[in-house]
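Feature annotations, courtesy of TrEMBL:
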| type | residues | note |
| --- | --- | --- |
| DOMAIN | 18-297 | domain 'NADP-dependent oxidoreductase' |
| ACT_SITE | 51 | active site, proton donor |
| SITE | 80 | site 'Lowers pKa of active site Tyr' |
| BINDING | 113 | substrate binding site |
């Protein structure tokens, strides 16, 4: 299966489809999923320091590259800086540890995972807790972190830079100050949370757009079984079901095609070999303008991921959360 791509401002090409790996830490499950994906035509693999699986991904990448199955230059690997490593003195060491785990000389796209810096324990990158709560780092600015990433970009260890979970305002402020302009932003995006304003800002700036949870992340609740999650399942939306029947596709394929047809890169997570192949099989059809409009205008508007761990942080990105009522149970960042 051939996957379309969009150009980054660096000249590289970002595949419009890839494999997300959030929540997948089991070595056997992830190894099978990665082999299925790479054999099935996936070339974009998305991970993060926070996911604690880069070492597993590195083994599979080394297997495929060293055997000649796939050339390194044909792969596109995205990873992210954890929110406890924003301080300038932590950035390079963190990236070096990720490169070592991934068994790579460079990462194709590297994102600041969260706009809110937190402190870490002395001697490691585990979060610092006081009274059971994460401790804010209120001294480190986005530009403090970005300047260190720019050094690694110039050293060619990071081939493109970007952000994740930033607001439109935060992205634009960073863009205006940065020497190396952000190439990409990765945020929650699906028919219930289409991010119209952020997408318009990205279009103006020439920043590409990646959607995590493009299917609504059906497995997201496993990250906090005792917590409170917004309810919503785009896969069950009536118009999605109707279009799946019309085009003889699955609901997941309709949701993925809707995003990629907008030029948005989609990275659904799956460990099921059948679904991994099913999800990439979306570039052999096009939704009509009328059907795209129907999906664009689904009336439900709800963010399915909540960032309650960062509520109250001076750099908290979302203005649609009531800080007085937001639950404070332990959410694991996507």
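Backbone N, Cα and C define each Cβ position, glycine as well.
Predicted automatically and left uncurated, TrEMBL annotations should be read as such.
For the pair formed by residue 80 (site 'Lowers pKa of active site Tyr') and the residue listed as 'active site, proton donor', distance between Cα atoms is given as 9 Å, rounded to the nearest Å. Taking the Cβ of residue 51 (active site, proton donor) as centre and 10 Å as the limit, one finds 25 other Cβ atoms among all the protein chains shown. In this structure, the CA atom of the residue listed as 'active site, proton donor' is 11 Å away from the CA atom of residue 113 (substrate binding site). Over the domain 'NADP-dependent oxidoreductase' (18-297) the predicted model carries a mean pLDDT of 96.
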